[in-house]
Structure formats: C-alpha cells, structure tokens
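Below is one structure, written out as structure tokens, with a few remarks after it.
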Amino acid sequence: MADDKSNAAEYWKANVRLIFGCLVVWAFVSYGCAILFRPLLASIPVGGTDLGFWFAQQGSILTFIVLIFFYAWRMNKLDQKFGLGE
Amino acid sequence: MSQFAINLLFVGASFALYIGIAIWARAGSTKDFYVAGGGVHPITNGMATAADWMSAASFISMAGLLASGGYANSTFLMGWTGGFVILAMLLAPYLRKFGKFTVPDFIGDRFYSNTARFVAIVCLIIASVTYVIGQMTGAGVAFSRFLEVSNTWGIWLAALIVFLYAVFGGMKGITYTQVAQYIVLIVAYTIPAVFIAFQLTGNPIPMFGMFSTHTESGIPLLQKLDDVVSALGFQDYTADVDNKLNMVLFTLSLMVGTAGLPHVIIRFFTVPKVSDARWSAGWALVFIALLYLTAPAVGSMARLNLMTTVYPEMAGQVENYEEAAQTPILYEERPDWFRTWEDTGLITFNDLNNDGRIQFYNDAADYADRGWEGNELTVNNDILVLANPEIANLPGWVIGLIAAGGIAAALSTAAGLLLAISSAISHDLIKTMINPNISEKGEMLAARISMGGAILLATYLGLNPPGFAAQTVALAFGIAGASLFPALMMGIFSTRMNNVGAIAGMLSGLICTLLYIFTYLGWFFIPGTNTLANTPDNWILGISPLSFGAVGAMINFIVAFAVSSVTAKPPQEIRELVESVRYPKGAGTAINH
C-alpha cells in the first residue's frame with residue numbers, strides 16, 4: 001500500500017514536471033516569439049515580413065499541435081511505466 | 001441553374017444529412033443524451049470538438065478581423081488555439097477520469113458544496129447563453145443572405161433544425177452531426193482559399209501562399225499588402241503593437257476562457273478512456289488548425305483583393321502608389337458582387353467629392369492634396385469570407401458551399417452550447433439539487449424539455465438581440481476564464497483547496513471581471529451607463545476590458561489560496577477523490593450516480 005502511494009506520487013510528480021516543460025514552450029512561442037520578443041526577431045525575414053509575425057499567425061499554432069501530441073505520447077509511456085494506465 | 005437554386009441545393013442537402021444522422025443517432029438513455037454513450041472514438045471526438053468550437057465568429061468573422069487588424073489581431077488565432085494546450089494538460093484527462101456528466105458535477109462534488117455547484121451552474125448558463133446569441137444571429141445572417149428569406153425566418157429555421165437533432169439525439173445526435181458539419185465547413189472554407197492563393201501567388205496552399213511572392217507585382221504578398229494599405233493611410237498589416245502587456249493579457253484571457261468553456265470541456269467526457277481524452281485534444285487542434293492556419297491567408301489576400309478591386313492600378317505597382325491612388329474605379333463600373341452586397345447594406349458608398357470614383361482610404365488620414373474629401377466606402381468586415389468566392393470570380397457552386405459552411409459553423413456551436421445549458425438544468429439543478437429521486441426516464445424528459453426551452457430562449461434572444469450581443473467575447477470568456485477555469489484547475493492540482501476557498505475564489509474572480517467590464521462597457525451592458533469612457537487612456541495599466549479575464553483568473557487563484565489556507569482542510573474522502581482523478585487507472589466510461 002505504501003509502495004502504491006509513493007509510486008502514485010512519483011507518477012504525479014513526473015506528470016507535473018512534463019506539464020511544466022510543455023507550458024514553458026507554449027508560453028515561449030506565443031507570448032515570447034510572437035509578442036514580446038518580436039522586435040528582437042525583426043531581423044529574421046520570412047516571406048515579406050519577420051519571424052515574429054510568422055510565429056503569431058502560423059508558428060505558435062503548429063507548435064501547440066506538436067505539444068499536445070508530445071504530451072499525450074509521453075503520458076501514455078508514464079501510464080505504462082508506473083502501471084497506472086487503464 | 002440560378003445562384004439561389006444552387007444555394008438552396010447545397011443548404012438543403014446538408015440539412016437532409018443532419019436530419020438523417022439525427023434519426024440514426026437517437027438517444028436511448030441519459031448516458032447517450034449527456035455523453036453520447038461514452039464510446040466516441042478520439043479522432044471522431046476531435047472532429048466534433050472542432051465544429052463545436054469553431055463558431056460563426058471563427059468561420060465568418062475571424063478572417064475579417066485579421067484583414068482589418070493584421071498582426072494585432074493574431075491574439076484571436078493564438079488565444080483560440082493555445083487554450084487547447086492547457087485544456088489537454090490541465091483539465092480534460094482528469095475531468096474525464098472523474099467520469100461524470102457535467103462541469104458543475106465536478107465542482108459540486110470536489111468542493112463538497114451545493115453552493116459551489118450553484119455558482120458553477122450560474123456561470124455556465126450566463127457564459128453559454130451569451131455565446132449562443134451570436135450563433136443564432138450568425139445563422140440568421142447566413143440564411144437571409146443566401147436563401148433570400150428574412151432574418152426572422154432564418155433564425156426560426158436554424159432553431160427548428162437544431163431542435164430536431166439536439167432534442168432527440170442529445171449529445172449522441174450532436175456528436176455525429178458535428179462531424180458532418182465539420183466536413184462541410186472545412187471544405188467550404190478551404191476551397192475558395194485555395195483558389196485565391198493560387199490566383200494571387202501561384203501557390204495553392206494558402207498558409208504558404210501568404211508568405212510567397214505576389215505574382216502580379218513580383219514582390220512578397222505581405223510586403224505588397226503593407227505598401228498598398230499604407231499608401232491609403234491605413235496601418236501596415238504587419239505593424240507591431242505598442243501595448244504588449246494588453247496583447248499578452250488578451251491572448252491569455254482567450255486561452256483560459258477557451259479551456260474553461262463548458263461546452264468544449266464536456267466533449268471530452270464522450271471518449272472511452274483517459275488517454276483518449278489527451279489524444280482527442282490533439283486531434284481537435286489539428287482540425288481547428290486547418291481553418292485557423294488558413295484564416296490569416298484569407299484575411300490578407302481578401303484585403304489585397306478588395307484594395308486592388310477599388311484601385312486596379314495598384315495591383316502591378318512596385319513603387320508609384322501615389323499615382324495609382326489617383327485612379328480608383330468609377331462607381332458606375334463597380335463589379336457585380338459589389339452591387340449584391342450593397343443591397344444588404346454591408347457595403348455602402350457615398351460620393352463625397354462628386355467625382356464618380358470610389359475613394360477608399362483611412363478616414364483619419366488627410367488627403368486633401370489628392371482632392372479627397374473623406375473616405376467614401378465602408379465595407380463590413382464580416383462579408384470578406386462570404387464574398388470571397390464572388391470577389392475571386394469563382395463558380396456558383398463554391399458560393400453554395402460557403403452558404404452551407406457558414407450555417408454549419410453556427411449550428412454546430414449552437415447545439416453544443418444548448419446541450420451544456422440543458423444538462424446543467426436537467427442534471428445539475430433538477431437531478432442533483434432539487435429531486436435526486438427522479439427516474440432515468442424522468443431525467444431524460446427533463447433534459448429534453450430543458451433543451452427545448454433553451455432553444456426557445458436562444459431563438460428569442462437571436463430575434464431580439466440585447467445591446468450586449470457584441471460584447472459576448474468579453475463576457476463569455478471573462479466568466480469562463482475568471483471563474484470556471486481556476487476552480488477546475490485547483491480542484492485537480494491542489495488537494496488542500498477547500499469549499500470556502502473555491503467559492504470565494506470563483507466569486508471574487510467573477511465579480512472583479514464583471515465590475516471591470518461594466519465600468520467601461522456599461523452597467524449590465526446598458527449603453528451610456530459606463531462609468532469611464534472605453535478608451536486606452538482610461539484603462540488601468542492599459543488593460544482593456546476584453547483582456548481582464550486573465551487578471552480575474554489570477555485574482556481567483558490568489559483569493560482561493562488565501563482563504564483556503566486559513567480555513568479547515570477538506571475531508572479525507574475529498575482528498576481521495578482528488579488522488580483518484582489524477583491516475584487513469586480504474587476509469588470506466590462516464591457513469592451516472
């Protein structure tokens with residue numbers, strides 16, 4: 001029982017760590033590259049405009065998709081590793 | 001065949017499809033009615049979620065918002081997609097594991113309080129009802145433009161169709177019609193976009209075409225657009241925004257609002273497993289992105305097309321914009337689509353300097369030296385997507401497709417919202433709070449009656465839109481983001497959060513957000529009653545009332561933790577409940593209690 005509990009706690013910790021990592025990327029591409037750091041990326045041209053603009057209208061959405069699938073894939077691995085899957 | 005007949009054929013065929021699905025997918029139990037039996041495949045659910053999520057606003061208005069606002073309105077693109085990342089990681093899998101039917105179910109059980117449940121029901125109903133008004137009016141506009149019926153008939157027709165499949169099929173009927181509606185709307189959105197991207201840039205993929213070379217002038221399309229609009233005194237399409245704080249907070253408000261909107265959350269209760277809920281969120285975003293990645297291309301290309309329609313000389317120019325601006329088209333020679341939309345009042349022309357030509361420019365700019373006496377043309381943003389096929393001279397069947405697509409977008413979102421409203425009434429209010437002894441049959445009947453009632457209310461509000469209909473974004477997202485999202489998240493991620501803390505947090509987030517919105521947009525949205533003028537100078541720290549949802553959410557978190565830390569710990573069984581939602585093991589399909 002005690003093992004079950006610490007196993008479950010480990011699983012939850014790993015999940016929270018993974019979420020934190022994903023959300024750092026999530027915030028970096030949208031609030032970072034697309035908004036706050038846009039002036040810093042102004043020198044990188046993308047089709048008639050700059051990289052920050054591309055992130056705002058395309059790049060962040062593409063990154064979001066990758067993030068969700070990455071999270072789902074990693075969590076499936078964690079479910080198996082800790083024996084907590086369905 | 002006339003255009004009217006083509007439109008009728010496309011819209012009629014799509015309706016026949018929805019009704020066919022409704023007959024096939026009748027709900028036999030409350031589980032069918034609330035969560036489609038709990039056996040929906042994650043990809044199917046992703047597609048249904050995409051249709052559920054993409055409303056008349058996404059289909060009709062977003063490209064127009066991007067066309068007029070350019071980079072500044074990227075907030076909508078990022079906000080309405082980024083919310084799915086937090087939904088997938090912070091809410092959906094755990095709420096699926098919890099395994100009940102509604103959002104107030106979780107809040108009421110987790111915070112062991114019917115007060116919390118009631119606050120959640122009220123928030124859900126206000127957010128969903130304001131949201132549904134826009135869907136009904138959107139459907140009305142699409143009907144009246146394409147089927148030549150009055151707006152009133154259009155709204156009644158929309159209500160009848162939704163009634164047929166939502167009342168009989170519940171979530172089951174809604175799920176499979178949403179899948180069909182997604183296919184209709186994405187095909188309708190993509191085909192004209194592909195044609196236009198190919199015409200302007202030679203690249204048929206809109207999201208790439210947008211960043212390619214404009215064929216006629218040989219310079220990049222976005223640079224071309226910037227040159228054209230700035231020659232007419234408008235802001236550059238790609239211009240940066242000064243108020244970054246507001247832009248960040250607005251995007252964040254849309255994201256937490258998206259994650260907290262009940263009609264989206266309940267879609268994830270329909271999949272068989274916790275892992276399916278995660279995959280399904282990814283698929284939903286893929287299907288949403290197909291439209292959202294295309295929207296900025298449609299916006300920028302439609303804007304350029306519109307400009308070069310009025311100023312034909314500008315299309316091939318590389319530098320002599322000043323000269324090209326001298327020769328806008330004669331009003332007498334305007335294209336046919338221009339005349340069609342003039343009839344609807346969404347395009348208006350007023351020849352201020354009586355030269356017979358259409359001077360279309362930013363009214364705030366002074367071009368007296370060009371002999372211009374004011375902007376003479378107003379074009380409603382909402383027509384860009386609907387008029388796109390006509391502007392690009394596409395065949396009649398594409399226009400029929402757009403008609404069916406716009407109506408599909410409005411109906412699919414309306415149905416999802418109506419289900420969220422009716423299940424909050426029949427399940428949370430009647431079954432859980434008022435009469436726990438109600439039979440399965442009785443609850444089904446209650447669910448169907450409340451669905452019917454919700455449709456009548458939505459129809460009434462669609463026919464008589466209250467003054468605040470235009471403020472639904474602020475209201476629905478503000479409420480969902482500032483009250484529901486933080487409560488749900490804390491319920492999962494904090495075992496210590498207790499009933500008093502959660503209720504205090506929800507109420508303070510909700511009240512602060514409403515106070516801020518009312519201060520600038522009018523008390524209870526009654527025009528003229530606002531305490532301060534809604535201008536950036538008056539906003540606290542430059543935060544617009546639309547962006548306040550994120551601040552409200554932070555207030556909610558802070559108050560909840562502060563109050564919770566000085567009041568009693570939640571009982572042991574609640575801590576066990578929180579533990580259980582965290583681990584997928586042992587999840588059955590959604591169950592009744």
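Each Cβ is built from the backbone N, Cα and C atoms, and glycine gets one as well.
Copied from TrEMBL, the annotated features are:
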TRANSMEM  B:6-25  transmembrane segment
TRANSMEM  B:77-95  transmembrane segment
TRANSMEM  B:116-133  transmembrane segment
TRANSMEM  B:153-170  transmembrane segment
TRANSMEM  B:182-201  transmembrane segment
TRANSMEM  B:247-269  transmembrane segment
TRANSMEM  B:281-302  transmembrane segment
TRANSMEM  B:397-425  transmembrane segment
TRANSMEM  B:445-463  transmembrane segment
TRANSMEM  B:469-493  transmembrane segment
TRANSMEM  B:500-526  transmembrane segment
TRANSMEM  B:546-566  transmembrane segment
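Listed by sequence, the residues of this chain that lie at least six past the ends of the transmembrane segment (B:6-25) yet keep a Cβ under 8 A from its Cβ atoms are 146-147, 161, 164-165, 168-169, 172-173, 175-177, 180-181, 184, 396-397, 399-401, 403-404, 407-408, 411. Outside the transmembrane segment (B:500-526), and at least 6 residues removed from its termini, the chain residues within Cβ reach (under 8 Å) are 107, 110-111, 113, 115-116, 119-120, 123, 466-468, 471, 474-475, 478-479, 481-484, 486-487, 490-491, 532-534, 538-540, 544-545, 548-549, 551-553, 555-557, 559-565, 567. Proximity of the transmembrane segment (B:445-463) to the transmembrane segment (B:116-133) is established through 3 or more Cβ-Cβ distances under 8 Å for residue pairs spaced 6 or more apart. Among B:281-302, B:397-425, B:469-493, B:469-493 has the largest number of CB pairs under 8 A with the transmembrane segment (B:247-269).
Against the transmembrane segment (B:397-425), stretch B:116-133 shows more Cβ pairs under 8 Å than any other of B:116-133, B:469-493, B:546-566. In terms of C-beta pairs under 8 Å, the stretch of B:153-170, B:469-493, B:546-566 lying closest in packing to the transmembrane segment (B:116-133) is B:469-493. Counting only same-chain residues 6+ beyond the ends of the transmembrane segment (B:182-201), those with a CB under 8 A from a CB of the stretch are 14, 47-48, 50-51, 54, 59, 208-210, 212-216, 221, 287, 290-291, 294, 297-298, 301-302, 304-305, 385, 388-389, 392, 394, 398, 401-402, 404-406, 408-409, 412.
If one looks beyond the transmembrane segment (B:469-493) by at least 6 residues along the same chain, the residues whose Cβ comes under 8 Å of a Cβ in the stretch are 57, 90-91, 94-95, 103, 106-107, 110-111, 116, 119-120, 123-124, 126-128, 130-131, 133-134, 137, 253-262, 265, 461, 501-502, 505-507, 509-510, 512-514, 517, 521, 525, 545-546, 548-553, 555-557, 560-561, 578, 581-582.
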